[in-house]
Amino acid sequence: MNFEGLDPGLAEYAPAMHSALDPVLDAHLNPSLLQNVELDPEGVALEALPVQESVHIMEGVYSELHSVVAEVGVPVSVSHFDLHEEMLWVGSHGGHATSFFGPALERYSSFQVNGSDDIRQIQSLENGILFLTKNNLKYMARGGLIIFDYLLDENEDMHSLLLTDSSTLLVGGLQNHILEIDLNTVQETQKYAVETPGVTIMRQTNRFFFCGHTSGKVSLRDLRTFKVEHEFDAFSGSLSDFDVHGNLLAACGFSSRLTGLACDRFLKVYDLRMMRAITPLQVHVDPAFLRFIPTYTSRLAIISQSGQCQFCEPTGLANPADIFHVNPVGPLLMTFDVSASKQALAFGDSEGCVHLWTDSPEPSFNPYSRETEFALPCLVDSLPPLDWSQDLLPLSLIPVPLTTDTLLSDWPAANSAPAPRLRAPPVDAEILRTMKKVGFIGYAPNPRTKLRNQIPYRLKESDSEFDSFSQVTESPVGREEEPHLHMVSKKYRKVTIKYSKLGLEDFDFKHYNKTLFAGLEPHIPNAYCNCMIQVLYFLEPVRCLIQNHLCQKEFCLACELGFLFHMLDLSRGDPCQGSNFLRAFRTIPEASALGLILADSDEASGKGNLARLIQRWNRFILTQLHQDMQELEVPQAYRGAGGSSFCSSGDSVIGQLFSCEMENCSLCRCGSETVRASSTLLFTLSYPDGSNSDKIGKNYDFAQVLKQSICLDQNTQAWCDNCEKYQPTIQTRNIRHLPDILVINCEVNSSKEADFWRMQAEVAFKMAVKKHGGEISKNKEFALADWKELGSPEGVLVCPSIEELKNIWLPFSIRMKMTKNKGLDVCNWTDGDEMQWGPARAEEEHGVYVYDLMATVVHILDSRTGGSLVAHIKVGETYHQRKEGVTHQQWYLFNDFLIEPIDKVSCNIPVSSSFSLLVKNPIEASVLLAEASLARKQRKTHTTFIPLMLNEMPQIGDLVGLDAEFVTLNEEEAELRSDGTKSTIKPSQMSVARITCVRGQGPNEGIPFIDDYISTQEQVVDYLTQYSGIKPGDLDAKISSKHLTTLKSTYLKLRFLIDIGVKFVGHGLQKDFRVINLMVPKDQVLDTVYLFHMPRKRMISLRFLAWYFLDLKIQGETHDSIEDARTALQLYRKYLELSKNGTEPESFHKVLKGLYEKGRKMDWKVPEPEGQTSPKNAAVFSSVLAL
């Protein structure tokens, strides 16, 4: 703050004024402040007592709470509320600092900071307090100990400091520069030049540094370079104070008059969005200090030196009724500060008194303050007596004085002489003889001439259920730390893919899946949702509706899910991957906002909470599918997957399947009732209140817990239109219409909910045991691990199916009935109930719904791998009919690509549906016709293909040459084993960049009809130009000259070709289709890699095959997909010629032997061409030259 323009009388003040202070009271000092206050000869008060012991404070209105004396007669120069503790700091003109604790202003510490200069600014840090004087910066602990003392240049005259971060400080003053000081090294790191000298006030926001100058200007500076971005010429005389909040800057100061400087009663207000002044604010006091107090609104507190304070809005009009008086002891107020919580105001006057004003009787200075450390009294005299008769008495309890003499416990020097370690025994000669070196590391088999260690290994118990696994260490070390590995069954553990040199070709997926259903690969980012994708697929109405959906939206989850379902239909036990679906999933902003997209590091380390994640994903995918299908009729904005309600579901078939219509009633205590209709796609279980001790042994029926969760009844704060304020209301939920598919999130997110399920399962198990004639001892508690033992023939219980008892709390069917008074009856439903009711009576009963348990998703806890998600799904008859040709129902376990049938649960309740279950292919032939390119710079002269005409549409069995080029999105992650071999942890993530399809017959044979470059929004790590021919910029719509399309557009073209039954000819098509994420039947793939391959021999490159059989030299500098697709077609023609259409395999086998012999002689390298092109290359396709 600039003191020059405040009061001329302050310039006459000298520090020697208080050194010989007579203990006679000043005429302006209130005698009541100094009751029982002792004055030392230097005039410093030893105790400061509050004015009144009890003060009445009106809630919400600032009133004076306490006033204390810091130093009698010495003006207060600065005040500061501690940002970390409940303390108020005060600095005086005499260089003395005093701190007060709490709203009672109890003196905490008092110490001298500087002997001659006044304290000009105080800043609190976590470990201490910064004090700024004229040319000194001192960092002291809150008790008064000096942490560092940094002396500035004697010519410096500092007035302000600003803490930019936890370790960087800006210091400014009347000179023409600002210093940057590193608090860690206590050194000056930067000196910024200031065009207008005299920086007395500094503020900071997330956009600018604000510097207030003595000339009346406020400059806005860049946060990185400290250069001036804007400048406001606020006052013609001098600046007194300013503050910044949000988009507003308010300043007060002095204007130049004929008689000198005069306090300006107009506050200058500036809009930081438009960088211009708005209407000045006229106030009724002489403003010397101002602060924003943004509690309910952006209020301004304007303080005058005479003690008047006025509150007003910066964009409104000042009201004289909003003025209150501080009543300082001295004639002037010297400082003003506002606490971080905005509940307290501090004023310091010219007589050394501090006044605390608050808006509540018990204010807090900070929203979250840490506990203040107080000095503890000496406890030596209060130590308990020691009993020497106790042999185990620790002698460390006896306080002993410090001494420099030799202690009795010191070990004699003769007994503490250093002794060298025993030399290591020599290495066995057999080990040295058989050692093989890889680099600087040697390896040798263990001759077993010495014991490995002294602890014998435990013999591993053989168990067919919990057998060994690669994650279970063979060593006994650490077994006690991770006992859960023995409790997790092998089929429930997290499955991983072991990669080799051939990638996935030699990985045995059939070992994990002996069914004809398709699993999903888990190595793709965010593949934690695989189990929920399988659940949606095996819901027959959902699968049919999703596969019938097709729209023009590029990233549509419903379309991508339909494509993935189509792959699952075509697969005969081979795993699929949802890379395209997850690619579209990552592009949706709502998924990222809900935290559904995991980072690679979090997914690999298992840091994400999979239980919470999959429940949020379940809610999100249902809402997103509902929206995608609804947009076909009525485009609608996304309402957020976090809420339970959404817009009308009448236009969406997903809404008709999953939507539950309900009424939410809010009853205020005034009697006003509000009823709102809403819908939800799923319900969340709400568990009974109370501690675990109250629930032990108490039986809660699952149907009743579900009913309480659906018909929720709770007390909460809500807005009442009648009372016009928030009031306690009773909120109830009534069901108007039940859904066809009931989805429940169990919310088992902590051990509390898990313990509830465990206890209910145990209680239900005991009840079932007693019901079947078994007996359970009262002294013995059965755990879930004991169930298998009870089910054995040697156990107490003899039951035909122990699995039925273990899962008895979660019913396999529930019955819901809507009553006439808008109520809901929920009960468990068994086969016996069906026989008692009969199917006819159940159908006649109006409003009765019987739900069968179709799928569950569970979280497997495993601290080593982070856990995993698996699904239990009841696969219906239609799926078995399509895959296996049989009609039955079976429960399966789906653990990514591991699929295994589990105990069959028979259920004879029919599921009726009014929805069409026929899948119609929505892809039409028009997708192959000409389309516009996304690239802005593409010209017709750059066209590399001719689209198909209507008379050229391919038929069943037609040949199509195909080749694709890829780019790398993520590099491969591998590790080097101790024996020098390389192990792939995670393969590189590829993305298709170019797809080319060539006509395989007809007059235009060899001419491409698809040559699409795929636009991508993801960051490309490597364009692989040497192998793909893709260059940076080819996939950018702004600068590309290629025919650029979306992946979905090209995907639809390939899907149409697959569906009509064409045969694809290419080289290495398995990898191409895998990256494109297509499932092609094997009888539609003609791969030249396998046509010209001998068993147990290496695969041969397309370049070598073209040189050997066709005398073509291709792939000279880079690869070209058109050239590769044509060459593959020629090789297939050559194969038919050499094998006589497959009728002479022996003669073709001789050709292959000659091929391999030639390749070994030439090391599989094509000789360098003598000319630019092969002479045969020009005459291969004469029709291509016309293109």
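Using N, Cα and C of the backbone, Cβ positions are placed for all residues, glycine too.
Pulled from TrEMBL, these are the features on record:
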type	residues	note
DOMAIN	518-922	domain 'USP'
BINDING	Asp963, Glu965, Asp1072, Asp1124	divalent metal cation binding site
Write out, in the order they occur in the sequence, the residues of the chain not among Asp963, Glu965, Asp1072, Asp1124 that have a C-beta within 8 Å of the mean position of the C-beta atoms of the recorded divalent metal cation site.
Leu962, Ala964, Arg994, Ile995, Thr996, Gly1066, His1067, Gly1068, His1119, Ser1121, Ala1125
Relative to the Cβ position of Asp1124 (divalent metal cation binding site), how many further Cβ atoms are located within 10 Å?
26
By a simple count of other Cβ atoms within 10 Å, which of Asp963, Asp1072, the binding-site residues in the record, is least packed?
Asp1072
Neighbouring C-beta atoms (10 Å sphere around the C-beta of Glu965 (divalent metal cation binding site)):
26
PLDDT averaged over every residue in the domain 'USP' (518-922):
75
